[in-house]
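Report on the following structure.
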């Protein structure tokens, strides 16, 4: 199994560099504890990252899903089997290492279609790639999917079960990526860099304003749950704004990212392995409140810790372990021609 979602013979270093940045932000986002952060600035960072990091990742996944037949044929093996394995191992980690769900709590974690931290992404890619061949037959599917994504938050069934909330809310970015092509990317890269920098500053300012003035809690940026019953229209508007911010941020990243091979490029080829393995490390760290009243040490923990975890999980030994584990289970479960 390739560790990258890029499926072209000639690698595009810009996308590898972009994926390297995004996976680092994913790890930072999972390390950030918004309940015990020693400063609101860390919560601003959390909002800023969650505005775009998963929409951008999903956009890239869609961009490299243009071989529709191959994507459908490999989706079960590449994403659904790992999803099931990770759900079960996550359950074991929570119950037997952290002693959770032994005190009368509902053991919902083990529901096959209720994903623990981060694993939902694998289920999402599986469903999007399986459905892609049929979805692209629908006229105006991209704007329609964004409309559905906005309206889906109204229904209480679009929540954490089967990751339906995220499946419908973030699916439009997969389709947007699928329909994007090199000409679109080239046009975006011709936009003056100063425009992207100004837009980036504005978006950081929006995150700062929302946090410092308690305008919005973090639920709308996670896309995990339906809109609040008491603030449906308000949450609906927030989702529309977040969509716009995410699209602008994707454009900014495409515009500013280097297309040259860098020391980070290789990391961009192993993002799937990093994504999966770091989840188990982060869960262990989540059991502890780290540097709750020391902003400088907390910042070092977040940025340096995320860099170390990303580096560790991208090592060849981790890739080999992941590959062999998944392939061994697949050989048992799947029939071979």
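Yeah, the Cβs are placed from backbone N, Cα and C, and that goes for glycine too.
The average pLDDT for the domain 'Acyltransferase 3' (15-314) in the predicted structure is 90. The domain 'Acyltransferase 3' annotation in TrEMBL covers 15-314.
Taking Cβ pairs closer than 8 Å, the transmembrane segment (21-38) reaches residues 45-46, 49-50, 53-54, 56-57, 60, 117-118, 218, 253, 257, 264, 267-268, 271, 274-275, 278-279, 282, 285-286, 289-295, 298, 301-303, 305-307, 309-310 in its own chain, all 6 or more past its ends. Per TrEMBL, the feature transmembrane segment maps to 21-38 (among others).
Among the features that TrEMBL reports, transmembrane segment is placed at 44-64 (among others).
Marked as transmembrane segment by TrEMBL: 76-97 (among others).
The transmembrane segment annotation in TrEMBL covers 109-128 (among others).
Among the features that TrEMBL reports, transmembrane segment is placed at 140-156 (among others).
Per TrEMBL, transmembrane segment is recorded for 162-179 (among others).
Within the chain carrying the transmembrane segment (191-211), a Cβ under 8 angstroms from the stretch's Cβ atoms is held by residues 40, 43-45, 47-48, 51, 245, 248-249, 251-252, 255-256, all 6 or more beyond its ends. Here TrEMBL flags 191-211 (among others) as transmembrane segment.
Annotation comment: TrEMBL describes 240-259 (among others) as transmembrane segment.
Annotation source TrEMBL lists transmembrane segment at 271-290 (among others).
Residues annotated as transmembrane segment in TrEMBL: 296-314 (among others).
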Same-chain residues at least 6 beyond the ends of the transmembrane segment (140-156) whose Cβ lies under 8 Å from its Cβ atoms: 164-165, 168-172, 175-176, 179, 226-227, 232, 235-236, 239-240, 243
